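I grabbed these lines from TrEMBL:
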- 8-60: domain 'Myosin N-terminal SH3-like' (DOMAIN)
- 69-751: domain 'Myosin motor' (DOMAIN)
- Gly163, Glu164, Ser165, Gly166, Ala167, Gly168, Lys169, Thr170: ATP binding site (BINDING)
- 631-653: region 'Actin-binding' (REGION)
- 910-1076: coiled coil (COILED)
- 1103-1210: coiled coil (COILED)
- 1256-1305: coiled coil (COILED)
- 1451-1727: domain 'Dilute' (DOMAIN)
Amino acid sequence: MAASELYSKYARVWLPDAAEVWKSAELIKDYTPGDLTLTLRLDDGTELEYKIDSQANNLPPLRNPNILVGENDLTALSYLHEPAVLHNLKVRFVDSRLIYTYCGIVLVAINPYERLPIYEPDIINAYSGQNMGDMDPHIFAVAEEAYKQMARDERNQSIIVSGESGAGKTVSAKYAMRYFATVSCSSGEANIEERVLASSPIMEALGNAKTTRNDNSSRFGKYIEIGFDKKHCIIGANMRTYLLEKSRVVFQAHEERNYHIFYQLCASSHLPEFKAFKLGCADDFHCTNQGQSPVIEGVDDSKEMCNTRRAFSLLGISESDQMAIYQILAALLHLSNVEVKEQSADRCSISPDNVHLMVFCELMGVACEEMAHWLCHRKLKTTTETYVKPVPKMSAVNGRDALAKHIYARLFSRIVDSINSALKSAVKQHSFIGVLDIYGFETFDVNSFEQFCINYANEKLQQQFNQHVFKLEQEEYMKEEIPWTLIDFYDNQPCINLIEAKLGVLDLLDEECKMPKGSDDTWAQKLYNTLLKQNAHFDKPRLSNRAFIINHFADKVEYQCEGFLEKNKDTVNEEQINVLKKSKFDLLLTLFEDDEKVPSSTNKRTSVIGRAGPAQRDNKKTVGLQFRQSLHLLMHTLNATTPHYVRCIKPNDLKASFTLDPVRAVQQLRACGILETIRISAAGFPSRWTYQEFFSRYRVLMKQKDVLPDRKQTCKSLLEKLIQDQDKYQFGKNKIFFRAGQVAYLEKLRSDKLRMACVRIQKTIRCWLARKKYLRMRESAITIQRHVRGHQARCYVKFLRRTRAAVVLQRNMRMWVTRRRYQQQRSAAIAIQCFLRAYMAKKQYYKLMFEKKSVVIQKWVRGWLVRQHYRRTLTAIILLQSCVRRMRAKKELKKLKVEARSVEHFKKLNFGMENKIMQLQHKINEQQKENKELSERLNAVEKARATEREKQSRELQNLHRSEQEVRAKVETLPSLLEQLSFLQHELENTRREKEDLEEQTKVVEELNMKNSLLNSEKDELNKLILEQAQQLTDVETNFENTKQMEKDLTEERSRYQNLLSEHLHLEERHRDLKEEINLSIVRNTSLVCDGIHQSSPVDLPILLKLQRRVKDLEQEKQSLRQQLDNREEAQQEKANVWKQKPIRNFLRQELESENKKLKQNLNELRKSLTTENSELMPPAPGSLPYSILLDQLSSSNDELEMRKEEVLLLRSHMVRQEALKHKVKKYLSYLYIIILHLIPTDIHTLNEDGELWLAYEGLKETNRLLECQMREQEQVHNEKYRKLLEEVNKLKKENEQQQKLLTQNLLLSEDARIDASLKHEITRLASENLEHMEQQEKQDKTIRKLKKQLKFYVKKVEDFEGNHMALSVNSSVTNAPVRAVNITRKEKEYQGMLEYRQGDEARLLKNVVIDLKPRGVAVSLIPGLPAYIIFMCLRYADRVNDDQRVSTLLNSTISSIKGVIKRRGKDFEVVSFWLANTCRLMHCLKQYSGDEVVMTRNTAKQNEHCLTNFELSEYQQVIGDLAIQIYRQFIKCMEDNLQPLIVASMLEHETIQGVLGSKPTGLRKRSTSVPEVGAVTVEVLLQRLSHFHTTMSQHGMDPDLIKQVVRQLFYIICAVTLNNLLLRKDMCSWSKGLQIRYNVWQLEEWLAERELADCGAKETLEPLVQAAQLLQIKKKTEADAQAICNMSTALTTAQIVKVLTLYTPVIEFEERVSTSFITIIKDLLKDRVESSTLMMDAKKIFSITLLFTPSSVALETIQMPASLNLGFLNRI
């Protein structure tokens, strides 16, 4: 294709940009060859001119079509270049929030800096067994591919995880190991997967630290080999580490931390076990506070310490070893705080009382003075002498730090060795999968020796990666047999030679380290002189003589030479090591014991350097040499395996979630080789489609005549027409290979063709719509005209009618108005006259009344005036009298006073006056009293008068005023009189109104009373309503509670069933292990015995002897009991012989009389039939004598049946003879007399008297027995109540004892506490054992007693039956007939039981259970036949009352069914057959248990077959549990059968194919993937379901159980389909939603055809239906979002967001879901309370409810087929 075709108007290109690296633009003008500029428009609308060089042809790279954006595999893009890769990653990461993307064989993982729900066990199950290209990219897909290739190709695998710090390498490696631990099962050793995973927390604590780029950065590289056996189960693991960053132990940059373990120790320093370490917080130590960032947000170091200790324990490292490790680490913390004081320029010292040095030496177990000495001195050795020389302060500090680094490195290596030994397995390793977690390419502002080694390792890995990618490309081309040319790719071998070859950088570094006076400067000069002009990858900086530049594959890196020699030597003072070797600390000695040997291991990283001789120096390896050797070993291991690559990308440096920095991303893409992979792919044929995919996608570009039967030839013909340059594509055997850009061109052609087709369709449809609209409008217009004209005519007729009617109405109306006006005038005149006359009469009346009232007023006024005058005159007279009398009294007083002054007068008065004085004194007193009373009265009268005067004065004033007013109003008196008369009239009216009002008030009061009554009733009703509302709320709450209880019940049932299945699984596991142990014991008896004698402190022979002795004693005890029982039985038989004689005599006499009577009747009948007399000739049939004889015969038969019932009644009374002992004699005599009297009488008389009497007596005795039983039950209840009280008291006492023991134990030490608890537990168990033994003895006694009673009653019944048979035989012999008579007999009736001999259980179960083939039985015999046979045998065991037979038969049946399920559990028909039979056996046990509720559903015959001697409810529960176990196995079996069909039929197969079909992505699946099988359709799935349903129905499974099975199967279909939909981006499209809904409709139709619509299966498909609707519904506006939220009730928020995120348009006309719309959905759903998990639990099994289903099959009608070989069974 020419450039003019691609760079046309509206084509989109990428332009380089400094900030965003690449930005998008659109051509607004066609490009023609020779143009120097391109006219472009940016996304923000800016137009620019882009300059191009026509000679260099530097046209900007083209953008891929939108339909290809967001692909799972970067190599599937049509245009493969850097901007396309970056944009695709950005769309997937930022918009779709997908962190994984394929790039060929590489998985690109971008760190989201956020926890995602994509690592759950459900996700692991979803990826297990899937091909790598079938699901969305994931670390689990890479792990599954590695695991699958290891199992299929028998070749070791490796997963190489690389990336820079903070990219997520450790997490990716951890999840890969978790996947292997989950999908594989441990072999031989328990919890090996947990131990493999437990190594991660330990290595993270010791080897990870916080850096400026990552909070959990791995500061070492590791390669973990996970070993597998031949069954591909994990058996162990091995770990190799590389280049630990030891310098971090003593130095951290700002905002960085030391290794996590130090902070975990400091956070746990408060624990008792760490008190001896004398630690504090992390800020107290120099080596943990340099970075000034001791805390990581969101990380609790104390909790992490608990996890680390738990991981140590899980790996089998003892507590003492752990404490030793923590002790060394604590010592290093104290060593960092040892302060060195400077004494002079070349001398320093450490204070001997330095606290931290003393603690360090104490923890290390060394001498403090010696360590302080050698920290400040060094020993120099020459050939003749040895010198001890002090060192300056800086050298001492460096020596201290070197010692700390050396100890930590040795401890780290020791822990790694311990982990490897813990993970090592004794089983031979068959294969392994290695997980390499290694540092990516690093470049900093200052790069040193560590970065040099890291980049050297990445050069080696990149070389191996390039070779592997190139090899895979070649293999693909050779496999498809297409011609190919050598692809040119970047080979970094020259750079590797620069580093590791002879006279390379490492070689010169090692040589300089051996020089006596070697330094970093001299080494730099050697590098310049040797490599600067000879190697193009080496360069020297312009402004530095102590640095060098190496051109790596990713970038140029400048390394500073300072510190290279020291780090490569890794020196430490030899005397300090010697001091440590003198320690008594065992772990410390083991760390340095390797120094005494020649260092030959490649894993050693350090060397102890003093001034040794040349031979010793030559043997010591530098760090660079060690790293080079370990790297070569690693590359050898990787080359021997099949590698899988995971490249981790750090999206930004701010640790912001789902934010991509383009500049940082492009740097890492270049550094990790992703772009190199893209370049290699683009150089060949990156786009690869199968012929069928190509045909399905580009069928629209063909004509019908171009379609040939051969798809390959059809595709060739099409491509030859569309693409002229044949070099742009190649045809392989199975695929078409396209060069870069060709798929985009084909998509453009397809889009244009579809667009033209759409335009044509739109044109035709619009024409059709317009014509249809015109015709519809024309027809409507004609119809409207017709109706309008008709309406107008009707309106005119209506107008005429209305006009005529109006005239008639007007005439009548006018007449009526005139008449009415006349009548009104006449009535008005009469009314006026009436009112006028009334007025005149009223006026005359008012005048008369006025005059009368005036006379009355004058009378009253004049009388009042006269009375006033009289009162005033009387008052004046009284006043005058008072004044006169007062004057006279005064004169008299004066006169008396003068007389009293004279003596003579006084004497006269005193003469004879004593008595008078006394009298006068008495009178005075009385007068005084009277005076007082009178004065009081006077005062009261005066007050009354005063008040009266005031009243009178006020009245007088009022009268004056009224007089004035009267005078004033006299003038208006006539008008007032009129008003008065009017008021009187009004008064009367008001009086009448008042009376009316009073009546109304009475009525109102009555109404008020009624209202009050009504209100009271209303209140009562309101109360009732409230009460009813309360009751209703209570009912609702009760209903909700019952609902909750039902829900809890179902949850509890499911939990119980899960626990039951786990329990049964563990039982099987235990049984298998026991068998294996027995086999191993038989094979290795001597070895086991030796091991037992060596390891076990118990004396086994003594234990075995004691066990034998206990068994012998038990056997003796049983034999003695048996002898005692035999003797008691013999004595009981002798004693009962005499007791039974009277009863037997009576019975014999009764039976003899009955037999005589029957014989007489029979003889008379025979005589009547056989005599030769004509009178007694046999009557003719139909005659009267004949009918009489028939009646007599029937009555005799009835009599016989009645006598049989009486005999049975007598038997029942005999059983109760002890209760009726006091009435037996009277009853027997009376009964005997009645029978003798009734023998010659008529039969009817006997029936009328004897039966009634017997029934009455039986009822009375039954009532008495029921009363006795009630009393006995009451006693039993009281006894149980007493026992329960005793148990409660006992439990209270035990609880108090436990509390006392607990309080005592809390005061004791840990060892004493353990001893005390053990002693208490032993005593408690001993007491419980004694109690259990006592209870067992009591139960044995009761069992023996009951057995004796049962045997006694059985013998009595058997004797009675024997006597009855003997009597019947004798009577038949003595009364032999003269002539034989043929009497018809009934057929033999069976009792529905099978007789078998004891010991035949194994034979029975072998034929019925073990060797039975379900297919033949299900087709030819009745369903559930084995269950019926086993139950009929059980009935026989119940009849003979043999409990041993019952238990043996049931236990053997259960074991046999379990064995069959275990051996043939994967056979669907076998599991279905035994599930149906197990349920039927359980139902039979309940149906024939004798339960009254159940018996109502049985027939009378079935009730006769109920069990009589045993209550088997416990076995019902056991068999129910067995049914649940079989049900779970049944579901698992069907799930395994359906699993390969579900995804292929529900998702992948397209029933509706066309232009809207799913888009083939062109994803290149792995070459080792399993070849695709034939197409699986929904019909295949439905056929499998139909087969399941038919089989279950044939086996007679309960209909309710079938419904539960179908519901479970549909749930599995929904869960698997939805989980795959959520993990497959290519399936989330509109057309796929249509296909899913069509498939679901077919499933619903299948349910309706089999009448299973009400089983709940349809509801289980609701999440899948809603997901399909979600793919098809409109997704743009807020209303659409609200509709989605209302619709998607069965989906979780995570699932809704995931589907919307994964939605992928198949054609260009569709649009992706915008991020703003997804944000609206999240906001609307944020209040939902639901699970946060993404996947549906496909392993969930609903709790099963085994409803009771009685059988209608009669046991007596069941016949045993000969094919079962059950001849040893007899039907009874």
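Placed from the backbone N, Cα and C atoms, the Cβ positions cover glycine too.
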Work through the binding-site residues one by one (Gly163, Gly166, Gly168) and point out the residue whose CB has the fewest other CB atoms within 10 angstroms.
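If we count Cβ atoms within 10 Å for the binding-site residues Gly163, Gly166, Gly168, the smallest count is at Gly166.
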From the centroid of the CB atoms of Gly163, Glu164, Ser165, Gly166, Ala167, Gly168, Lys169, Thr170, the recorded ATP site, which same-chain residues not already listed sit within 8 A by their CB, in sequence order?
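Surrounding the site, in chain order, are Asn111, Asn214, Ser217, Ser218, Gly440, Cys648, Lys650.
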Could you work out which of the binding-site residues (Ser165, Thr170) has its C-beta surrounded by the smallest number of other C-beta atoms within 10 A?
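Checked Ser165, Thr170; of these binding-site residues, fewest Cβ neighbours within 10 Å: Ser165.
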Using DSSP, how many residues in the domain 'Myosin N-terminal SH3-like' (8-60) fall into helix, strand and coil?
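Final tally across the stretch: 0 helix, 24 strand, 29 coil.
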Counting only other Cβ atoms and using a 10 Å cut-off, which of the binding-site residues Glu164, Ala167, Lys169 scores lowest?
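Each of the binding-site residues Glu164, Ala167, Lys169 was scored by Cβ atoms within 10 Å; lowest is Glu164.
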Which residue counts does DSSP yield for the region 'Actin-binding' (631-653) in the helix, strand and coil classes, in that order?
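Secondary-structure composition of the region 'Actin-binding' (631-653): 9 helix, 8 strand, 6 coil.
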